[in-house]
Amino acid sequence: MIETYSQPSPRSVATGLPASMKIFMYLLTVFLITQMIGSVPFAVYLHRRLDKVEEEASLHEDFVFVKKLKRCNKGEGSLSLLNCEEMRRQFEDLVKDISLNKEEKKEKSFEMQRGDEDPQIAAHVVSEANSNAASVLQWAKKGYYTMKSNLVVLENGRQLTVKREGLYYVYTQVTFCSNREPLSQRPFIVSLWLKPSSGSERILLRAANTHSSSKLCEQQSIHLGGVFELQAGASVFVNVTEASQVIHGIGFSSIGLLKL
């Protein structure tokens, strides 16, 4: 009888982690993720809390400084051994810094407002004697004169020319002697003329004054003024019937304009 013997097959080696190890790794992963998520709001809270603590500490220092300053003003500085002079100097420097900051803000605000607005245009010139005795009056930048902007110029000493269009208040005052020769009966006439950049000249305003029989110079003044729309390059000038009767000098005869 032949007996056969079969060798048992080797047992297969188990692969993979045990179930307990898998559970441990899962719990560890959940814990780490939870800790990471929870640390973010905690860090934000801690940062805000530190800022608040610093602010409270600063306020406390300010309160202590003010309290010490009050004690100095009450004459208790020598008793508490406080350096009152140093504290007063620090307080004065602080007040100066605050005042300077306010002034700088006001200046910046004013400059911004001025930048948004149109530049101010104004002119005022006084009469000047003309040896030619021309009917168009001569003007000069002397005495109490004004040339507020380079957008208005005095051309040829006779006319004010604007370089920007807009509404302008234009005025003139002419002072003259009202006495006349017996044969001359013409009134003294003052005319404010407009010379546009293109086109013919025209009268804006006109006024007249009758003569006087007095042989002495009786000073009289004619004032003309009105609001007109002037184009860029337009000019204004004054014409009189008898230039020899005009009285020149500061306060007597003048012409001016102001952009509204």
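Cβ from N, Cα, C; glycine included.
Record features (Swiss-Prot):
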TOPO_DOM  1-22  topological domain 'Cytoplasmic'
TRANSMEM  23-43  transmembrane segment
TOPO_DOM  44-260  topological domain 'Extracellular'
DOMAIN    121-260  domain 'THD'
DISULFID  Cys177-Cys217  disulfide bond
CARBOHYD  Asn239  N-linked glycosylation site
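Straight-line distance linking the Cα atoms of Cys177 (disulfide bond) and Asn239 (N-linked glycosylation site), rounded to a whole number, equals 16 Å. The two recorded residues the residue listed as 'N-linked glycosylation site' and Cys217 (disulfide bond) have their Cα atoms spaced 21 Å from each other. The disulfide-bonded residues listed here are Cys177, Cys217; among them, Cys177 has the most other Cβ atoms within 10 Å of its own Cβ. Broken down by DSSP into helix, strand and coil, the domain 'THD' (121-260) contains 3 helix, 76 strand, 61 coil. Counting every protein chain shown, 18 other Cβ atoms lie within 10 Å of the Cβ of Asn239 (N-linked glycosylation site).
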